[in-house]
Amino acid sequence: MTPILTPDGVRQLDARLERARLLDLAMEDAGRAVAAEVQRHWPQGQVLLLAGGGANGGDAFVAARHLLTQGRAARVLARPSTHPLTRLNRRRWQAVGGDTRPLSAAALSRAARDTVLVDGLLGTGFRPPVRDTLAAVLEAVSAARARGVPVLAIDLPSGLDATRADPPGPSVQADVTVTFAALKPALLFWEAAARCGQVVLAPLTVPPDWLSDLEVAAQPDDADLAPLLPVRSAGAHKGVAGRVWIVGGHAGTVGAPALAGLGALRAGAGLVTLHAAVDLPLVTPELMIHRHADLPAFLAGTAPDRRPDALALGMGLGPDAASLAREVLRWQVPTVLDADALQPELSGHGHAACLWTPHPGEAARLLGLPTPDITRDPIGAARALQERLGGVVILKGGPSVVARAGELSVSRGGHPGMASAGMGDTLSGVLAALLGQGLSTWDAARVGVRLHARAGERAAEQFAYGLGATDVAGELGRAWMDLRGGSAHLPGV
Ligand SMILES: NC(=O)C1=CN([C@@H]2O[C@H](COP(=O)(O)OP(=O)(O)OC[C@H]3O[C@@H](n4cnc5c(N)ncnc54)[C@H](O)[C@@H]3O)[C@@H](O)[C@H]2O)[C@@H](O)CC1
Ligand SMILES: [K+]
């Protein structure tokens, strides 16, 4: 499980380290990790480190000292600093014979092509917009990178606001970002994440509960999720693997429920039935398809013993979705609400076993906000949605955020090719199948998004362009095996 901290959490961690007289050691850990990553990625050439006035600059001085003492040609361009640890590490750098020059765009423009640039200008203490002469320095870093100079960012690329998924102004484009102790939201989402290159998480010597106390969310590893995956016992029959209903489809959107059905089938549901008011395509003969002349009456008349173990409703369902959702919510059956069922009027009508799966546009509709407000802060938006809707919310994206009361989880992996129509429908089916096999809403959500993302990564090996939802569904079995560590069975099962 990897913790995710906002700058506020970093500041509190800082204060705790300071009280324990460990802050100096944390900066040493950080700088040493940066030096190690420079050596690993670019073992040759000069290293030019850029040190800002805060602790991010202090990390750069520590890294410079380690590189120099390891025999690398390292130089530092620095801003003046009043930060005590940054000043201390500047003195230590000079004590080993290190050379420091004043930071300027002109000095940077002389960086040769065989130089590695290390960006220690701004970290979690940055508050946009960029002031002073730093904007020109950020431009000079971009110009150097355009000339082929590789860039490693310390903690996060300078100019990014650690809490935000969009760059607030000019920012460094890094090839590698070495971040400390925990991930920061900017490293995970959308355009800001694209500025980071490869992200390396370097641990600091702190007790794990110091981080978990402060984390805003966590990112599970596959090993954390593997034990949650349902396993078929040798004596299983289809009735115990979950009876799942998919309710969706409308004139012009008949593929959506079919894709959900396919997702449910491949995620292990025993019996999958599609209920619709229109004819649906038969994507695979394992799915049962029921067309109802009066779908509302059918749902209203379904006796408790005929109801499924879990259902997903809303995919391509059209304008009746909210009233049909209200009907099935009375059943108190584990329910995935997706697409057309994600209407503000359903707020307050859910129950604990509801799983809401908006993409950013639907999230914006539910919260009455413009879509950029959602994509700028996906963790905050997921939390706000959960508070509004109850149950468990998946805010879909690359990566998705899963929220329940008081806890947030960010999925890992996936592939940009998954941004195509039908992908969310398949996910809804996967989620319903996991609910039908007895997973809690929270576990089904975390396992489901990761399974779906992993299947996307697998499918992208073959269809990097033109990735379709059916391709992803076809890889769910292998994704399931991957999460299990390559085995269809747990040891001893
Ligand atoms: N929390 C922790 O536990 C640790 C943090 N470390 C480092 O500490 C960093 C945070 O350090 P700080 O809080 O000192 O902050 P930063 O070093 O991120 O930024 C502060 C500096 O940036 C300048 N600055 C801020 N906003 C600006 C603006 N709009 N325009 C121009 N300049 C601006 C400030 O004047 C100050 O010099 C992290 O990113 C990380 O690199 C590491 O030393 C390891 C331990
Ligand atoms: K930085």
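Yeah, the Cβs are placed from backbone N, Cα and C, and that goes for glycine too.
Per TrEMBL, domain 'YjeF N-terminal' is recorded for 10-212. According to TrEMBL, the feature (6S)-NADPHX binding site maps to 55-59, 123-129, Asp155, Ala256, Gly316, His359, Asp425. The annotation K(+) binding site is assigned in TrEMBL to Asn56, Asp119, Ser158. Feature annotation from TrEMBL assigns domain 'YjeF C-terminal' to 221-483. Marked as AMP binding site by TrEMBL: Lys396, Gly397, Gly398, Pro399, Ser400, Gly424.
A coil conformation is recorded for Gly398 (AMP binding site) in the three-state DSSP classification, outside any helix or strand. Listed in sequence order, the binding-site residues from Asn56, Ser158, Gly397, Gly398, Pro399 having a Cα within 10 Å of the Cα of Thr124 ((6S)-NADPHX binding site) are Asn56, Ser158.
Taking only the Cα positions, the spacing between Gly424 (AMP binding site) and His359 ((6S)-NADPHX binding site) is 8 angstrom. Within the same chain, residues at least six positions away from Gly398 (AMP binding site) with a Cβ under 8 Å of its Cβ are Phe189, Trp190, Gly414, Pro416, Met418, Ala419.
Taking only the Cα positions, the spacing between His359 ((6S)-NADPHX binding site) and Ser400 (AMP binding site) is 9 angstrom.
Residues from the binding-site residues list (Gly58, His359, Lys396) with a C-beta closer than 6 Å to any atom of ligand 2: none. Among the binding-site residues listed (Ala55, Asn56, Thr124, Asp155, Ser400), Ala55, Asn56, Thr124, Asp155 have a CB atom closer than 6 Å to some atom of ligand 1, in sequence order. Neighbours of Ser158 (K(+) binding site) among the binding-site residues Ala55, Lys396, Gly397, Pro399, Ser400, defined as a Cα within 10 Å of its Cα, are absent: none qualifies. Between the C-alpha atoms of Pro399 (AMP binding site) and Arg127 ((6S)-NADPHX binding site), the distance comes to 25 Å. In the three-state DSSP reading, Asp119 (K(+) binding site) counts as strand.
According to DSSP, Thr124 ((6S)-NADPHX binding site) is assigned to coil rather than to any helix or strand.
Calculated from their C-alpha atoms, the gap between Ala55 ((6S)-NADPHX binding site) and Asp119 (K(+) binding site) amounts to 12 Å.
Rounded to a whole number, the C-alpha distance linking Asp155 ((6S)-NADPHX binding site) with Lys396 (AMP binding site) is 26 angstrom.
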